[in-house]
Amino acid sequence: MAAAVHGALKAVGEDFYRDAIEHCRSYNARLSAERSTRLPFLDAQTGVAQSDCYIWMERSHRGPGLSPGQIYSYPARCWRKKRRLNILEDPRLRPLCDAPQKKELGSAVAEGAVLEALLCAEPPKEPKEEEALLDCQKPPPGDFAHDAEGDEMEDDAPRRKNKAKGKTYGLGAVRKRQDAAALEDRDKPYVCDICGKRYKNRPGLSYHYTHTHLAEEEGEESAERHPLPFQRRNHHKQFYKELNWVPESQRRHAAAAGRRSEGPCDFCVGGAVRRAALGHEEMIACADCGRAGHPSCLQFTLAMAAAARSYRWQCIECKNCSLCGSAENDEQLLFCDDCDRGYHMYCISPPVAEPPEGTWSCHLCLRQLKDKAAAFITLT
């Protein structure tokens, strides 16, 4: 060993060898100090949770061996448990901590006495209020005769515990209903002005208008043309017609539509009313976005303008199918040349693959105008 060391000293020089030994010693000292202060971590390569194991000792900790063949022994590190806050050590907090335990102990003793009395087939001594409550909760004679003793053993204590909860049940139910109503108002912002039903999107509301209120109007017109032997019970609608009275919801809708149509025309930026070549001309407002335009700017005939004012007319940006209520696939929409309603080519009956040549009229205009419809005039 000594010969090897002397050979290394002669080869590299004594100063270089001494510096190398010093650097090695300092590196080992730094590594040992770093390991002793290293925090626990998860090794990403091995997946092992590495933590300080306290096996790194100093030279001053060495002691003589305690067993045969042992050269050194080191003192065992004491296991230290972290102290936690114990509120029972404070004498001022002890009464507050003992109060719930006494209450639970008292309730447990009371329940134990009741159960013991039930097991002994002796009626428990209860206040009159609890006796009246139990009499009201007894099943009628026609019910199935279950084991009454077992039912009382299982249900007697929960009934007494839930007795105080009945006072606040009404307030909680009212609060839940109010929260549900507010949530519905937020989830369904589109409201029908006629019946008050709410929808999540505008196409659903338009579908509701078309298939509910428009269908009711068509049914009333057909009933007037073909009177039935019995009288309908819609006396309030006939009463409104006789008095020339409009419901409040419809008046609000009409007033809102009138306010929206007071703006300028989106095409000519003119006023709400202007003198056209055909005479006095009023703008038509979209029922969804409120944008308006003159019939001549929209290239409407007099019949189309009159028909557009008879229902919830929509502009080209808001137009959706009058049958399915959807605004998707707008390239498949057909527009009626009499009322300007939109229909998908696959929604009409019979469905068509290509738009028809010339003018086209929807089934509503064909039913109402008959031989005066634009499609009928084109065919003739």
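If you go along the chain as it appears here, the first residue is 1 and each next one adds 1.
Keep in mind that glycine also has a Cβ here, set from the backbone N, Cα and C atoms.
Around Cys265 (Zn(2+) 1 binding site), taking its Cβ as the centre, 20 other Cβ atoms fall within 10 Å, counting all chains. What Swiss-Prot lists as Zn(2+) 1 binding site is Cys265, Cys268, His294, Cys297, and the listing cites sequence analysis.
Cys289 (Zn(2+) 2 binding site) carries neither a helix nor a strand DSSP state and counts as coil. Swiss-Prot lists Cys286, Cys289, Cys315 with the feature Zn(2+) 2 binding site.
Cβ environment of Cys318 (Zn(2+) 4 binding site): Arg202, Cys286, Asp288, Cys289, Ala327 lie under 8 Å away, each six or more residues apart in the same chain. If you look up Swiss-Prot, you'll see Cys318, Cys336, Cys339, Cys362, Cys365 marked as Zn(2+) 4 binding site, on the strength of sequence analysis.
The Zn(2+) 3 binding site annotation in Swiss-Prot covers Cys321, Cys324, His344, Cys347. With a 10 A radius on its CB, Cys321 (Zn(2+) 3 binding site) counts 26 other CB atoms from all the protein chains.
The annotation region 'Disordered' is assigned in Swiss-Prot to 132-164.
Feature annotation from Swiss-Prot assigns zinc finger to 190-213 (among others).
Look at Swiss-Prot and you will find 262-321 (among others) tagged as zinc finger.
Residues or ranges marked as zinc finger by Swiss-Prot on the basis of sequence analysis: 318-368 (among others). Mean pLDDT for the zinc finger (318-368) in the predicted structure: 85.
Shown for the zinc finger (318-368): DSSP residue counts in helix, strand and coil, namely 9 helix, 7 strand, 35 coil.
For Cys362 (Zn(2+) 4 binding site), the nearest neighbour among the listed binding-site residues (Cys265, Cys268, His294, Cys297, Cys324), judged by C-alpha distance, is Cys324. Secondary structure of the zinc finger (190-213) per DSSP, as helix, strand and coil residue counts: 12 helix, 4 strand, 8 coil.
In the three-state DSSP assignment, the secondary structure recorded for Cys297 (Zn(2+) 1 binding site) is coil.
Less than 8 angstroms from the CB of Cys365 (Zn(2+) 4 binding site) sit Ala307, Cys336, Asp338, Cys339, Ala373, Ala374, each of them six or more residues away in the same chain. The C-beta environment of Cys347 (Zn(2+) 3 binding site), restricted to residues of the same chain at least 6 apart in sequence and closer than 8 Å, consists of Cys321, Leu323, Cys324.
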